[in-house]
Amino acid sequence: MELSEHEEDAGDVGGGCSSPPTPPHRVLTSAAPETIRCRYHECLRNHAAASGGHVVDGCGEFMPASTEEPLACAACGCHRSFHRRDPSPGRAGAARLPQLHLPASINSRAPPALLLPPAAAASKQGLPFPGYGTPSGGTGTTTASSSDERLRPSPVQPRRRSRTTFTREQKEQMLAFAERVGWRIQRQEEATVEHFCAQVGVRRQALKVWMHNNKHSFKQKQQQENRQEQQQ
C-alpha cells in the first residue's frame, strides 16, 4: 500500500505538470531622506549697483537675526539669498540613490557587456555631453579656476560720499547767516536754524558741514581784508 503511494507521487513529478518558475522581481530600496545643512558665508550684495559701482558691506558670515525673521542677517541686515551658499561643510551625509536588488541567478547570467570595470565606468561618467561646456562642441572640460573666480568676492572698495552742491545765492545766504550766528550753531537757535534751512532749501546737516568747512577760510579772508583797509 505504501509502495503505490510513492509511485503516484513519482508520476506526478515526472508528468511535467509542475508550476512555472516565478519571474525575477526587483526590489527598490531607498534610503531615508537626509537633510542637507547649508552654510552661508560672506554677503555679496552690491550696495552701489544704482551708481554703476561695486561695494559690499564686508559681512563675513550669515547670522539669523531672530526666530521671527530667520532669513535676515543680524550683522548686515540683508536677506540670506545675498550670502554665498556652501552646502558641502554642513552636509549631513551624501544622498543615497535607490539600490536595485536582483536575484542571484540573474546577476550570475548577466552578459559581459553590462559588467564594466570600475575604471571604465568612472571614465564613462566623466565624459561631458557633446556641445555642452565648450564653444566648439568638443569634449573639453571646464577648469576649477573659473568656478573659483565666480565664488571669490571682489575687493571692498571705499564708498564715495555724494557732495551736496549749492547755488551762488544759497552760498551768499549761508555766509550771511554764519556771520550772524558767529559760525556756530547753538542749541538755543534750533528754531532759527530750522526756519533758515526751510527758507533757503538746504538740509540742517548740510548747513552744519558747510559752516565747518568754510569757517577758517572765510575768517582768514576777512582778516586779510581788514589789514588791507588799515594799511590804506
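Even glycines carry a Cβ here, placed using N, Cα and C.
Feature annotations, courtesy of Swiss-Prot:
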{"type": "COMPBIAS", "residues": "1-11", "note": "compositional bias 'Acidic residues'"}
{"type": "REGION", "residues": "1-25", "note": "region 'Disordered'"}
{"type": "ZN_FING", "residues": "40-86", "note": "zinc finger"}
{"type": "REGION", "residues": "126-170", "note": "region 'Disordered'"}
{"type": "DNA_BIND", "residues": "159-222", "note": "DNA-binding region"}
{"type": "SITE", "residues": "Met211", "note": "site 'Required for DNA-binding'"}
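Here the zinc finger (40-86) is broken down by DSSP into helix, strand and coil counts: 3 helix, 12 strand, 32 coil. The DNA-binding region (159-222) scores a mean pLDDT of 87 in the predicted structure. Counting residue by residue with DSSP, the DNA-binding region (159-222) contains 47 helix, 0 strand, 17 coil.
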